[in-house]
Structures are given as structure tokens and as C-alpha cells.
Amino acid sequence: MTDVVPVPVRRLDPELPMPEYAHPGDAGADLVAAADVELPPGGRALVPTGVAIALPEGYVGLVHPRSGLAARLGVTVLNAPGTVDAGYRGEILVNLINHDRAAAVRIARGDRIAQLIVQRVERAIFQPVAELPASGRGTGGHGSTGGHAGLVPPPATDGANGKDGTVSANSGGWTQ
């Protein structure tokens with residue numbers, strides 16, 4: 001059974017719906033746009049939702065994209081997932097970006113634009129160490145396990161930074 005967490009919601013615009021789940025068992029509650037917004041090709045905007053929340057201590061709200069907006073219009077949450085900390089009391093703003101290179105996208109007031117997932121948070125104590133324990137994965141990342149025909153294994157590196165401290169892209173992934 002799923003835990004139920006009471007979350008106080010301040011409706012900044014009483015004409016808009018509260019965050020709500022579309023179906024029983026859904027992880028994300030829909031957030032709607034509180035204003036009309038036009039996203040030009042490649043454009044982005046902070047879109048107000050008309051709600052502010054008070055998450056209990058030990059919880060976080062994660063603002064995720066809606067898959068339909070991404071698949072059909074190329075619109076997604078730029079900083080996905082966006083983070084709503086338990087202590088934040090301001091209006092939830094969704095940082096949307098239009099990845100379409102040719103067409104503008106109009107977001108209408110009341111359109112569902114993102115999903116809010118509420119999760120428990122574990123606090124870490126970061127401890128400096130000289131060496132990390134070994135693992136099966138090691139330092140492999142950014143496509144190192146394959147799984148896509150376009151991925152080319154990156155050249156082996158010793159993990160040292162470039163002489164100028166920059167990070168550069170190559171055909172095999174990100175290396176320093």
C-alpha cells in the first residue's frame with residue numbers, strides 16, 4: 001500500500017485546480033499553467049502554477065515533464081526534475097523549454113504542464129576519503145555500458161583533468 005502524506009496547498013488562483021492525480025496509483029499529480037505562455041522555437045519560460053505547498057520535513061517535491069508534451073510538442077521541463085524543497089513556500093514555477101526548432105508552442109492557462117512527485121528524502125553525511133571502495137562499474141559512465149548502436153566506447157583515460165581544466169565533447173562521450 002502507498003503511504004498517504006498530507007500536503008497543505010495554498011491556492012494562489014482559486015479558479016485553477018489543485019494538483020491532482022489523473023488515475024489511482026499514478027506517481028505524479030498534474031500541475032497546470034496559471035498563465036498563457038508562448039514558447040518560441042528553442043525558447044524557455046518559468047510558468048506559474050497558481051499553487052504553493054508546504055511539504056513535511058523529510059520530503060521533497062520533484063517536478064517532472066509530462067510525456068505527452070515532450071513526445072508530441074517537444075516541450076519539457078528544462079531542469080528535470082525540478083526540486084521543491086520542504087522549506088520552500090513560494091509559488092511552484094515550472095521551467096519549460098520548447099525543443100522544437102521550427103514551431104512555437106502555445107501553453108494556455110489551465111493546461112497540464114508538469115507532474116509533481118512527492119518523495120521521502122534521505123540525508124547524506126558526506127565523508128572525505130583518500131580512495132573509494134571498488135565496484136563492478138568503476139568509473140564507467142555516460143554510455144559506457146552501450147545499449148545503443150550510436151554509442152562508441154570512449155577511449156580509456158586515467159581520469160585526470162585536461163591541462164586547462166576544461167571538459168570537452170568527443171564522439172565517444174564526455175571526457176575531461
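Going from the start of the chain as shown, residues are counted 1 onward.
The backbone N, Cα and C atoms fix where each Cβ goes, glycine too.
For S67 (substrate binding site), the number of other Cβ atoms no farther than 10 Å from its own Cβ, over all displayed protein chains, is 10. Annotation comment: TrEMBL describes R66, S67, G68, N79, T83, V84, D85 as substrate binding site.
Broken down with DSSP, the compositional bias 'Gly residues' (137-149) shows 0 helix, 0 strand, 13 coil. Taken from TrEMBL, the feature compositional bias 'Gly residues' applies to 137-149.
Per TrEMBL, the feature compositional bias 'Polar residues' maps to 167-176.
If you look up TrEMBL, you'll see 16-146 marked as domain 'dUTPase-like'.
Residues or ranges marked as region 'Disordered' by TrEMBL: 132-176.
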Next on the checklist: I want to check the contact list for R66 (substrate binding site): same chain, sequence separation of six or more, C-beta distance under 8 angstroms. What comes out?
Outcome noted: D30, R112, I113, A114, Q115
Checklist outcome for this item: D85 (substrate binding site), Cβ-centred 10 Å count of other Cβ atoms over all protein chains shown, is 11
Checklist entry - Does anything in the same chain, at least 6 positions from N79 (substrate binding site), have a Cβ under 8 Å from its Cβ, and if so what? => result N95
